[in-house]
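Heads up, the thing below is written out as structure tokens.
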């Protein structure tokens, strides 16, 4: 007989030996307590102390459905999270978290945990939230760039000045274009010979003389239109006139109390203007702008209106207008005939450092600390060209005499500038 054929064991009933008196007493005692409890409950119901409903029940379906919905939603979220693709580049993951307004890292969090956190966030807000955030950022940037150029309401005679500028600049533009066409008719060989002669003369430029101009760095200098005088501006607050080429001091101009940023000759100074007329203009860090004559060491007049550093002053080719650049993110145009500010132009997001007028007198170029340059049409007041490409502050901007080329210099040339500024010395070179 095998083990499988063995008969199942039958459990035998227990056999109790002895008297059952104690167990019977215990049973009767329990039944008595149950009866007493039933009597007590019945008495409480009759007295109104125990409220027994008449077959009413409480529905549990709503709470159960909410719990089931939460479980299903969590299940679906995890399913979406598994389907979302997240970049393995930790830098890009941080950029995505920043775009979503989440902390880019948590305490003790590694790249893998960070990717998982981004995936979980995207499973909640949706993958399109990141694209939407990027679009909003780009839109905000475009809006910010658009809002960088705005215009002040000008005085009543601004229109008259613009009409005057148009009448002044158009004939000059015609003359310049005629000269350019005539130059184009010159044979190429002749132009090449002239260019070679010019390069040869430039290679022969040598240091003619050197002169200490001040005990503080010289910030700016300019030759007079007749090339017989040189004016310098210094951080000492002094401006000085020098004879050319013997470098003898003619006059010291005293009026500024702080660093002078620039000084500039009137286009007709030393040519048609009298020495007692306004021949020069200067500016300083304290926002002061002063006008000077050639026969006095005291300023002829002050131009008030700037509250921050004025970096440059530039004369319009006509000599009627004076432009100033300020670190309040604006530049201004002053009409010296009516002795009023006719244009207060904003548009740069940082301070404006340099200004230069087109030879025709129709345009003005500005360069600022925001690394951008702008070209303004003085006849309409509009910014007609936005120049970008520099990565540092623009400290110099200039039109070519032919009117076609524009040059600018940024902070990359700062070391070269400092080599001449820190010496407090002037050098004259002759070919």
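In case you wondered, yes, glycine gets a Cβ from its N, Cα and C as well.
Note that TrEMBL annotation is computational and uncurated.
Keep in mind that this is a model prediction, so the values were computed, not measured.
As recorded in TrEMBL:
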type	residues	note
DOMAIN	88-140	domain 'Pre-mRNA processing factor 4 (PRP4)-like'
REPEAT	253-302	repeat 'WD'
REPEAT	303-344	repeat 'WD'
REPEAT	345-386	repeat 'WD'
Beyond the flanks of the repeat 'WD' (345-386) by 6 or more, those residues with Cβ under 8 Å of it: 148-152, 154, 162, 165-166, 168-170, 172-173, 176, 308-309, 311-312, 314-318, 323-333, 392-399, 401, 403, 406, 408, 410
The repeat 'WD' (253-302): DSSP-derived helix, strand, coil residue counts: 0 helix, 19 strand, 31 coil
Model confidence over the repeat 'WD' (345-386), averaged pLDDT: 91
